[in-house]
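**Q** Have a look at the structure that comes next, please.
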Amino acid sequence: MKLSMPRFDRSPVLVVGDVMLDRYWHGCTTRISPEAPVPVVKVEQMEDRPGGAANVALNIAALGGAATLVGVTGADEAADSLARSLASAGVDVHFQRIASQPTIVKLRVMSRHQQLLRMDFEEPFATDAAALAAEVEGLLAGIRVLVLSDYGKGALKNHQALIQAARARGIAVLADPKGKDFGIYRGADLITPNLAEFENVVGRCADEGELVARGARLMADLELGALLVTRGEHGMTLMRPGHPPLHLPARAREVFDVTGAGDTVISTLAAALAAGEELPQAVALANLAAGIVVGKLGTATISVPELRRAVQREQGSERGVLGLEQLLLAIEDAHAQGEKIVFTNGCFDILHAGHVTYLEQARAQGDRLIVAVNDDASVTRLKGPGRPINTVDRRMAVLAGLGAVDWVISFAEDTPERLLEQIRPDVLVKGGDYGIDQVVGADIVRAHGGEVRVLGLVENSSTTGIVEKIRRQP
């Protein structure tokens, strides 16, 4: 499946659901209490993070989407902490505050990144369902996706009123469901239960065939547009009426903490669909996002550079032949990782030992090496009739196969000034007997804070010499 990064800044999403505060007390444990056989945690840091529906909205905002959040809280310090965190991240917050009840707080006591204890402070909210529905309806103008983030804590009382209000306006409805009655989500465009939640409703599935069959019946019974079952280490399965199931394997490189992974899935789905992505592509992006977030501690968000890097890795463009847009994204991510970008250019018509040695030396000047290759027309202009021997596609394919080369791109001009203006490498490398001021593009690179270095060439090793030698053969 071909993936690309959506324009998330075009993603207006309304999130409605159970808001909670994830509170962390971080410290270390070095002894057992003399009062009882329990560890003593010396608390060194306290941290608050938005959780539940608030985490969904925060994830959408972290991707650059326009997130609006409607939820229910108490009139207390925890609600104030949530509102501050969300507002600072750009989320438009609409809380229905109930003075007689506390904001839901999940307090986790951590010792050296290990969770020792979780304490929940909560009561089911006595929500004014009519007032909440009226507020939601007043916010639907301009929204592309409505997310129902349901943790069963009482914020969502009349699901159907919200679903029908959105559908009447052509707004897609996504629901992260809870409980045994999925009928309350009837008519939703997509629901995203995890496997345990799904089997709690349809019964245990012996294999994927049974999972798909029961999913199809559920979609038909509830008039759902689609069903996405998240399956932990087994990835996720997308089912749509009239389409074969789409199974996506898990993409986590390391699982550290699964807290909030479901929030990440539905938030990425919502942002991608609001940005115009088709559902299979949006699901694939959500799968990559989940693989990133489970490698983080606690309730967490992912950034655009993190997701972009995962997309590039998935598409095999972490290395190889790239177009300009792909290359600029790869450079941005490399710089975010603190990597130094090296650039060199040439015709590389017949790759020889001198080229290989030179490229290895160039790569040693930094962390990533870009090789820009003259296209066929420019090689002919520079080298004369009969050149190039190899087409630009073949030349780039050979270069991309070298261990020293990270990215290869072609250019149509005789010299790479235009490309250098766009790429702005940290180091420009050229081989030969040049002064630095004679290197084409040196002024451009130095104007942007880069360096220019000249490397020696391997003697008695040149493409022109090889071509002439071949032509002299009888």
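Backbone N, Cα and C atoms are what each Cβ position is placed from, and that goes for glycine too.
Copying in the features that Swiss-Prot gives for the protein in this structure:
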- Asp263: active site (ACT_SITE)
- Asn194, Leu195, Ala196, Glu197: ATP binding site (BINDING)
- 1-317: region 'Ribokinase' (REGION)
- 343-474: region 'Cytidylyltransferase' (REGION)
**Q** Looking only at the region 'Cytidylyltransferase' (343-474), what are its DSSP counts of helix, strand and coil residues?
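**A** Helix, strand, coil within the region 'Cytidylyltransferase' (343-474): 54 helix, 26 strand, 52 coil.
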**Q** Neighbour count first, Cβ atoms within 10 Å, every protein chain included; then name which of Leu195, Ala196 tops the list of binding-site residues.
**A** Leu195
**Q** From the Cα of Asn194 (ATP binding site) across to the Cα of the residue listed as 'active site', what is the distance in angstrom?
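**A** That separation, Cα to Cα, works out to 11 Å.
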**Q** Determine which residues of the same chain, besides Asn194, Leu195, Ala196, Glu197, have their CB within 8 A of the center of the CB atoms at the recorded ATP site, and list them by sequence.
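**A** Output for this site, in sequence order: Pro193, Phe198, Glu199, Asn200, Val229, Thr230, Arg231.
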**Q** Tally every other Cβ atom lying within 10 Å of the Cβ atom of the residue listed as 'active site'.
**A** 31
**Q** Take every residue in the region 'Ribokinase' (1-317), average their pLDDT values, and give the whole-number result.
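**A** For the region 'Ribokinase' (1-317), the model's average pLDDT rounds to 92.
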**Q** How many other Cβ atoms sit within 10 Å of the Cβ of Glu197 (ATP binding site)?
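**A** Its Cβ has 20 other Cβ atoms within 10 Å.
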**Q** Let's check the environment of Asn194 (ATP binding site): how many other CB atoms sit within 10 Å of its CB?
**A** 20
